[in-house]
Structures are given as structure tokens and as C-alpha cells.
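Novice: Next up is a structure, given as C-alpha cells.
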Amino acid sequence: MNDTGSYDAGQARFTKFEEMSPNSRSFFLRTVGKMEAGALRAAIFTLISTAIGAGCLTLPLVFYRQGIILGFILLVSACCCSFMGIMNITTAAENFKVFEYSDLILNVLGKKWKLLFDNVLILYVIGTLIGYQVMVGNFVPSIFDSLNINFEPNIERVIIMVGANVLIMAPLGVMRTLTSLRFMSIVSALTLLYIALLIICEFPFFNRHNSYDNVHIFDVNLSIISSFNICLYAFTCHTNVAQVYKELNNKNLRRMGKVARRAMLTVLIPFSILALFGYLSTLSHTPNLIIMRRAPAAISNDWLMVIARILMSITLVIAVPINIPPCRKCIIKTWLRNNDEHPPNTLHYGVTLALLGVTLLVAIFFQGILIVFSILGGFCCGLIVLVIPSFLKVKTEKYEDKSWKAIGLRVGSVSLFLLGTTGAILSVIGID
């Protein structure tokens with residue numbers, strides 16, 4: 001046999017394989033093959049990793065407050081709203097060939113809308129940082145308690161939060177580039193997957209002692225608005241949508257629709273499982289954050305859940321500095337009117353340390369994590385996910401101002417936004 005001829009034939013087959021279109025490849029190769037930049041799976045994973053965050057830890061409480069059926073309806077509704085927002089942004093990006101959300105708003109809706117978006121984005125990131133700091137202050141003392149290391153609770157909490165800021169968050173936060181920490185999105189997703197699997201696996205231990213006579217199925221009450229806000233916050237990934245679409249190979253609306261549907265469905269399934277089994281495990285004892293639940297009666301110290309708290313604490317401590325750069329950039333450009341690509345060190349360090357200091361102080365004296373998530377979901381996400389994408393859709397499709405489509409999109413999105421903001425206000429004053 002001619003080895004050279006065999007090698008050439010093999011190379012030809014390999015080249016032909018490499019040039020195959022995605023649709024001609026087998027399901028196995030499309031599912032587990034190498035993930036290239038701009039590939040469908042890469043785009044799906046980016047949206048998933050952006051959407052999945054610590055907010056999903058409050059979803060079992062949504063099922064407790066609203067019941068299993070209504071809670072699931074709220075989850076699906078938030079998922080659908082998120083999907084429509086993604087597609088409205090994508091449609092505008094494709095039509096105007098602008099692939100950065102803030103610039104897209106400026107080009108399509110004008111300066112006032114961009115200014116609104118920039119300020120909402122700053123508030124959104126600051127609120128998220130406050131929420132993360134509050135959770136770090138809750139998780140780490142509980143870890144010490146499991147190790148029989150006990151101090152005065154309030155002092156211990158403050159020391160931990162200040163220490164995390166001084167030793168980790170501030171040194172990482174002042175860095176101008178954090179590309180080396182991009183892997184943390186994978187760590188965060190894996191951590192939440194571990195928590196969901198752990199809740200499922202430990203459910204039989206709770207099931208032995210639980211009575212489901214009074215399980216909530218469908219409860220309509222004032223907290224329904226706040227619960228929807230929390231669900232919407234859990235599905236938010238829209239600031240990255242235009243950029244994801246820009247990087248997508250062979251991009252078109254149909255292909256991006258496939259990305260959005262698969263991403264949202266991939267997020268909805270584990271969120272639903274986490275909410276359902278988390279609630280059925282703890283019932284009336286469901287905590288604000290499910291990983292703070294009590295241990296099963298048969299387990300004196302739930303070390304697997306302690307590990308989950310450790311992993312989540314590490315993820316949150318690193319997530320704080322990762323979220324600082326976009327907020328810092330927006331503050332410097334929007335509030336301080338400095339458009340330099342590389343602002344002076346004094347400005348760079350000053351804004352970074354101010355962000356950390358303000359969010360730390362708020363987190364020390366205010367521990368209402370549900371209120372934080374309700375405000376973020378109702379007000380910030382209401383604008384980022386519902387209102388702005390709907391107004392972009394109206395401009396993109398060039399609907400007449402008095403057409404039923406234009407009126408429906410505008411009135412519907414603004415109504416949901418006002419409803420969500422009302423729910424956030426009710427949470428703040430404590431009557432939800």
C-alpha cells in the first residue's frame with residue numbers, strides 16, 4: 001500500500017470534514033465537539049452564563065409565597081419576557097448594524113434614552129454588588145458555625161465583609177483588565193448546578209419527615225409582583241445580547257432565535273427544579289436563600305451544603321470585582337464626563353474604591369436581600385428587559401405611532417415596568 005497516497009486521502013477527508021456545515025455534522029459532534037468562537041453553542045453558553053447568577057437561590061421562596069403552579073407560571077412568564085427582549089434587541093442590532101447595547105439605544109432612541117440606560121445600568125450593578133456583599137456576609141459566618149468557630153454574630157459578619165473587600169475585592173477591582181478571571185462564569189454555573197443536584201439528592205431525607213397537607217399550590221397575594229421581579233432578575237442577560245449576535249457565525253435572526261430559545265430553556269429547566277425541590281424540602285421553613293436552609297433531620301451537619309456555601313462565597317467574592325469595570329466605565333463617562341479610554345489612575349482608583357466602600361456600607365447596615373432583588377428586577381430589569389427592547393422594536397419595524405402594534409408594545413412594556421416598580425416599592429415598605 002502506498003503510505004503517501006493513503007496520507008493524502010486521509011488529509012482530503014479531514015479537510016472535507018472540517019468544511020462541513022453545522023447542519024451536516026452529526027448530533028454528537030454538534031453537541032460535544034470543540035466550541036469555536038462565534039459558534040452556536042458558544043453564543044448559547046455566553047447567554048446562559050450571563051443569566052445564571054445568585055438570584056436563582058431565592059426562587060424556592062417564590063414557590064413558597066405563590067404556590068407551585070403560580071410560581072411556575074411566573075418563572076415561565078419571566079422566561080418568555082426575557083426571550084422577547086433578546087429578540088427585540090437582536091432585530092434592532094441587525095437592522096441598524098450596531099452591536100453594543102448602549103450605542104444601539106443612542107442610535108435608535110436618542111441621547112435621553114441612552115442617558116437613562118446608563119444610569120439604570122449603574123444602579124443595576126451597584127444593586128447587584130450590594131446583594132453579593134450581603135450574601136457573603138450571610139454565607140461565611142454559617143460556614144464558620146459548621147466548623148464550631150463562633151464569634152459574636154454581628155461583629156463576625158462585619159469583619160468578614162470588610163476583610164473580603166480589603167484582601168480580595170479591592171486588589172482585583174482596581175485592575176484595569178480582568179480577562180484572566182473569565183473562567184469564573186463557568187465556576188459560577190457549575191456551582192449552581194452542584195447546588196441544584198444536591199437539593200434533589202437530599203430531598204428524600206426531607207421527604208421522610210415532611211407533611212404535604214398544607215403545601216402551597218396557587219396563592220395569589222400582594223407578593224406576586226415582587227415574586228415576578230425576582231424571576232425576571234434571574235433571567236436577565238440582555239446587556240450582552242447585541243455583542244453575542246455580532247460574534248455569531250452566519251448571523252441572522254432565525255439563527256439568533258435558536259440561540260435565545262435554547263439558552264432560555266436551558267436556564268428555565270434547572271431554575272424550575274431548584275425552585276420546586278427547594279420548596280418541597282423546606283416548606284414553611286423555606287429561607288430567603290435556599291442554601292441557608294436547615295439540615296435534614298437525619299444529618300447532624302450537612303457538609304455537602306457547607307461545601308456549596310464555600311463555593312458560592314468564593315464565586316461571589318470574585319464576582320464583585322468582575323462586575324466593577326462596566327459600572328466604573330459608565331460612572332466615569334456619564335457622571336464625571338471623562339471620555340478618555342484610559343482615565344487617570346486617581347479617577348480609576350477613586351471610583352473603584354468608592355463603589356466598594358458604598359456597597360459595603362449599605363450591605364453592612366441593610367440585609368434585605370429580597371428587597372434588593374425585587375428593586376433590581378422590577379425597576380432596572382423592567383427597563384433593560386421590557387421597556388427599552390420594546391421601544392427599539394417599534395422604531396426598528398417603523399410602526400406608525402398610533403398603530404395597535406406600537407401602542408400594544410409601548411403600553412404593555414410600560415405597564416409591566418410600572419407594576420414591577422410598584423412591587424419593589426411594596427417590598428421596601430414591607431407590605432408585600
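Placement of Cβ uses the backbone N, Cα and C atoms for every residue, glycine included.
A TrEMBL annotation is a machine prediction, not a hand-curated record.
Below are the features I grabbed from TrEMBL:
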- 41-430: domain 'Amino acid transporter transmembrane' (DOMAIN)
- 39-62: transmembrane segment (TRANSMEM)
- 68-87: transmembrane segment (TRANSMEM)
- 115-135: transmembrane segment (TRANSMEM)
- 155-174: transmembrane segment (TRANSMEM)
- 181-200: transmembrane segment (TRANSMEM)
- 220-242: transmembrane segment (TRANSMEM)
- 263-283: transmembrane segment (TRANSMEM)
- 303-325: transmembrane segment (TRANSMEM)
- 346-365: transmembrane segment (TRANSMEM)
- 371-392: transmembrane segment (TRANSMEM)
- 413-431: transmembrane segment (TRANSMEM)
Novice: Is the number of Cβ-Cβ pairs under 8 Å between the transmembrane segment (220-242) and the transmembrane segment (68-87) three or more, considering only pairs separated by 6 or more positions?
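Specialist: These two segments touch.
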Novice: Please identify the stretch among 68-87, 115-135, 263-283, 346-365, 413-431 with the greatest number of Cβ pairs below 8 Å relative to the transmembrane segment (155-174).
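Specialist: Stretch with the highest Cβ contact count: 346-365.
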Novice: What residues elsewhere in the chain lie close to the transmembrane segment (371-392), defined as a C-beta under 8 angstroms and at least 6 residues from its ends?
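Specialist: Beyond its ends, the transmembrane segment (371-392) has Cβ neighbours at 55, 58, 81-82, 84-86, 88-89, 91-92, 104-105, 108-109, 113, 116-117, 120-121, 123-124, 127-128, 130-131, 134, 225-226, 228-236, 238-239, 409-410, 412-414, 416-417, 419-424, 427-428, 432.
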Novice: Between the transmembrane segment (346-365) and the transmembrane segment (263-283), are there three or more CB pairs that fall under 8 A, provided the residues in each pair are separated by 6 or more in sequence?
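Specialist: With fewer than 3 qualifying Cβ pairs, these stretches do not touch.
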Novice: Are there residues at least six beyond either end of the transmembrane segment (68-87) with Cβ under 8 Å to its Cβ atoms? List them, or say none.
Specialist: 47, 51, 59, 62, 215-220, 224, 227-228, 231-232, 234-238, 241, 253, 256-257, 260-261, 264-265, 267-268, 271-272, 275-276, 279, 384-386, 389-390, 416
Novice: Could you tell me what the rest of the chain brings near the transmembrane segment (346-365), counting residues at least six beyond its ends with Cβ under 8 Å?
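Specialist: That would be 126, 129-130, 133-134, 137, 157-158, 161-162, 165, 169-170, 173-174, 176, 320, 324, 327-328, 331-332, 336, 338.
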